[in-house]
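The annotation compositional bias 'Polar residues' is assigned in TrEMBL to 1-11. The domain 'Alpha-D-phosphohexomutase alpha/beta/alpha' annotation in TrEMBL covers 14-151, 185-286, 295-407. Annotated region 'Disordered' per TrEMBL: 1-22, in sequence order.
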Amino acid sequence: MEIIETRTTPIEGQKPGTSGLRKKTHVFMGPHYLENYVQSIFDGIGGVDGKTLVLGGDGRYFNDRAAQVILRMAAANGAAKVIVGVGALLSTPAASNLIRKRGTDGGLILSASHNPGGPEEDFGLKYNGPNGGPASEGVTDRIYAATQTITGYKIAEAHDVDLSAPGTHRIGPMEVEVIDPVTDYAALMEELFDFDALRALFSGGFTMTFDAMHAVTGPYAKTILEGKLGAAAGTVINAEPKPDFGGGHPDPNPIWAKPLVDRMMGGDAPDFGAASDGDGDRNMIVGRGIYITPSDSLAVLAANAPLAPAYAGGLAGVARSMPTSAAVDRVAEKLGIDCYETPTGWKFFGNLLDAGRATLCGEESAGTGSDHVREKDGLWAVLLWLNILAKSGKSVAELMADHWQTYGRNYYSRHDYEDVDAGVANEMVEELRGRLAELPGQEHGGLTVESATEFSYDDPVDGSRSARQGLIIAFEGGARAVIRLSGTGTVGATIRLYLERLETDPAKLDADPQDALAPVIAAAESIAGIKERSGREGPNVIT
Ligand code: G6P
Ligand code: ZN
């Protein structure tokens, strides 16, 4: 094997965000861009000599080429073995499972998650550690530092590895094991859930639509739902992964998965609707006539998880990201278990899961998961819902109504202002941060500010501190507005405004969330002036 050592210089801006490095595809395809970053990952984790890695991605444009480059670089850097999915495909949760199951030293996942794909759209790469989870901040800091001092990278001179079918290949001494991307993941799901009950559910006439959004979960959902569980052929729609996701935006929310939501609200809706994102870690749940917010989904799953075999013994604890609604907190309180509040980003759940402190975790951004892997897991959430529906005999709407009657309803919505000038957005946050101390006691939009703080997180397991994780404005009576800047965008800045209000009056549980939250929306605008500063009439995404 001939190893080429190429001289290079640092490329600006290779700083991993909330979930790895995401850039426009043409940026990633630029000279040395991918190679610099991959070498920096290897250097940042202390080298890959003798190590075994997992490799795969969501199949977006450039996924296949990038995978071949990474294989040659892994070989040149002395890796012992890389386990890669056929076609260089692996959903993020399936990659996490493989890292854990095969006891590897981590893995590289090619994805920009729910961002669109294609030459003009987005690409991404992230490193997950040996526990199967996204690298901690300590590790991503070292990777970033390596991008700033890099002087060269190593790559093997070799032909493309045939990734079209399972098999074993070599690049020099490095072994490349090509595996079916679905098999191990499907086996894990079968361990966790009552597949007999799910088969009985479908054979009893239960109907569902799963929108794979032309992204990576298509083959997984087809194998599990239609293959193993006997759901009708055609249950999985948009099942074929495409490099540009069929021109769509593979984000499972009411805006980007609108056709599915419309179908669920119509007269011939199936019993259950679900969708997953580009790399298969997000989920959207819709019942007949009812959309379930991710925050409510987490709460319902926590309250009913013991209906599934894997969680029959109860939950050790639960965790949610700070901007996620407190619906799950109310469940935890009733169950008498701990509820942790972490910064945005799945990586923050890793320590809690590893330490056995939390069993279920979730985020408002359509992520739900458990200790079965170290990533959020879209299809897992769907299967847990199905298991709960099968065992409880309730419809989605009945389950949700019962839940709200028991726990009250945390009305919730997120307003996004995308592609705002980064300077304007930063200045807005900066200025508001400076005013936090004077807000308590002030009245805005008819609500009185009770407290105004900036969230920082002290990890209870490793003691690390993550500061500046969002501004929280709490109002008397329990409502709350949170403002933070997204860490996953690739152009400009995205301002996120998260709104929440608890309603316990049994007669007031069926309002439109935007109506129920109107006072909080008005108060937040009066305090932060997002519309005014961004020059926008309103948010461009409402979840
Ligand atoms: C990704 C991460 C999540 C995060 C979400 C939104 O999906 O995996 O952990 O909640 O992005 O992050 P953002 O920084 O854009 O709000
Ligand atoms: Zn994703």
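The backbone N, Cα and C atoms fix where each Cβ goes, and this holds for glycine too.
What TrEMBL says about a protein is an automatic prediction, not a curated fact.
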Spatial neighbours of the region 'Disordered' (1-22) far in sequence, C-beta under 8 Å, 6+ residues away: 32-33, 35-37, 39-40, 75-76, 109, 111-113, 115, 122-127, 134-135, 140, 143-144, 147-158, 171-173, 344-347, 486-490
Confidence summary for the domain 'Alpha-D-phosphohexomutase alpha/beta/alpha' (14-151), mean pLDDT rounded: 96
Tally of residues which DSSP labels helix, strand or coil - the domain 'Alpha-D-phosphohexomutase alpha/beta/alpha' (14-151): 53 helix, 33 strand, 52 coil
Helix-strand-coil residue split for the domain 'Alpha-D-phosphohexomutase alpha/beta/alpha' (185-286), DSSP-based: 40 helix, 16 strand, 46 coil
Counts by DSSP class (helix H/G/I, strand E/B, coil) across the domain 'Alpha-D-phosphohexomutase alpha/beta/alpha' (295-407): 61 helix, 18 strand, 34 coil
